[in-house]
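Student: Below, the features straight out of TrEMBL:
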BINDING   Glu134, Glu172, His175, Glu258  Fe cation 1 binding site
BINDING   Glu172, Glu225, Glu258, His261  Fe cation 2 binding site
Amino acid sequence: MMQTTNFSQFNIPSIVRASRSPTTTILRRKTTSSWRLSPVLAVASPTTSPSRHQVTHSMPPEKLELFKSLEPWVSENILPLRKPVEKCWQPIEFLPNPSQGPEQFEEEVRALRQRVLGLSDEYFVMLVGNMLTEDALPTYQTVINTFDGVRDETGSSPCPWAIWTRAWTAEENRHGDLLRTYLYLSGRVDMLMVDKTLQYLIGAGIDIGVENNPYLGYVYTSFQERATCLSHGNMARLATEGGDPMLARICGTIGADEKRHEHVYTRIVEKLLEVDPNATMLAIAHMMKKKIIMPMHLMYDGQDPNIFEHFSAISERQGIYTSRHYAEILEFFIIRWKLEKLEGLIGEARRAQDYVCGLPPRVRKLESRAKKIEPRQVKFSWIFNKQVIV
């Protein structure tokens, strides 16, 4: 029989330190709540968190009817935000086009390779990381389709929640295709090692702690889409500085898609705050307590067991996605969702509100105390010369 977590008690799954293996134990049990900011989880930086016991199906069964009742709202307010295929950009529009003939194609490839000469190896490590994040799309669709009450039950379900998930997946699919092809044509990375890393990553899956729970899941997707938008935007800036305006355009275009998707998930959480403020406030605090984890935190290339930490260090040092960005995203959603102004919250939900709204300055204070790590050389299998500075 399926056991659920009592949302009214705001139970937090225990956090444990374990081996780096992605294998974890499924645990269905209650733990006590705590509003103390854990030093392990409080530092808001894009690094992997300790492995945790997995909690499943934490949404009370009676909440299923709420998501069913929201289907007309999804049809009217979310599905119109899909972009028609005929109006969507496609990867070939940004790439050398072989249909123009071999001579023109070869000339465009040579021009592409000339443009990327001004970009550092560190930049290409980050570009590979962004591509892997986008290309692990099968994992993300799988996770969303575990959410109780909104999953695609058949693979082609007419449920509005499922229609959105498939449309989102189709739009996102272009991102990895475009970045992968650009990387391949650039000649700057070892595509064999990149492909191996992707296979390891998809095989490992993802452990973001959303517990099959759409309240938690849509908080995560709101946060993650905004983080991804910021990352692509910063990559566009560095591409411009490095002398590749086409790559800057690519990253900026992908970032614009992420921004639109962020708007969708943000609106869903806004609606949940309207119709069920107590449970939604608890969900927001629940995810902040755990910390939003980057989706590629189980990345492995077959050689470096610490590759995600090394990638995150480069991202932090280059200003692509940093601890400061994490805090700023949290502040943004506190304002966007008007969390400080929510009224009528009771019990644990009121304490959750105080916790979340008081978290940004505490995070910034902890981050300001973080020790500076001296730059060092690390081997990256994706880069031909293997050595980069982190």
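A Cβ is built for glycine as well, from the same backbone N, Cα and C atoms used for every other residue.
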Student: For Glu172 (Fe cation 1 binding site) and His261 (Fe cation 2 binding site), determine the Cα separation and express it in whole Å.
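Tutor: The separation of the Cα atoms works out to 9 Å.
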Student: Can you tell me which binding-site residues out of Glu134, His175, Glu258 are within 10 A of Glu225 (Fe cation 2 binding site) by Cα, answering none if there aren't any?
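Tutor: Candidates kept after distance check: Glu258.
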Student: Let me spell it out: for each of the binding-site residues (His175, His261), count the other Cβ atoms within 10 Å of that residue's Cβ, using every protein chain shown. Which one has the most?
Tutor: His175
Student: Cα-Cα, whole number of Å: Glu134 (Fe cation 1 binding site) versus His261 (Fe cation 2 binding site)?
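Tutor: Counting only the Cα atoms, the answer is 14 Å.
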Student: List the Cα distance (Å, whole number) between His261 (Fe cation 2 binding site) and His175 (Fe cation 1 binding site).
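Tutor: Counting only the Cα atoms, the answer is 13 Å.
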Student: Does anything in the same chain, at least 6 positions from Glu258 (Fe cation 1 binding site), have a Cβ under 8 Å from its Cβ, and if so what?
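Tutor: When sequence neighbours closer than 6 are ignored, Glu258 (Fe cation 1 binding site) has Glu225, Arg226, Thr228, Cys229, His232 within Cβ distance under 8 Å.
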Student: Taking the Cβ of Glu134 (Fe cation 1 binding site) as centre, how many other Cβ atoms lie within 10 Å?
Tutor: 24
Student: List the other residues in this chain whose Cβ sits within 8 Å of the Cβ centroid of the Fe cation 1 site residues Glu134, Glu172, His175, Glu258, in sequence order.
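Tutor: Leaving out the recorded residues gives Thr133, Leu137, Glu171, Asn173, Arg174, Gly176, Thr228, Ile254, Asp257.
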Student: Determine the Cβ neighbour count for Glu172 (Fe cation 1 binding site): the number of other Cβ atoms within 10 Å of its Cβ.
Tutor: 20
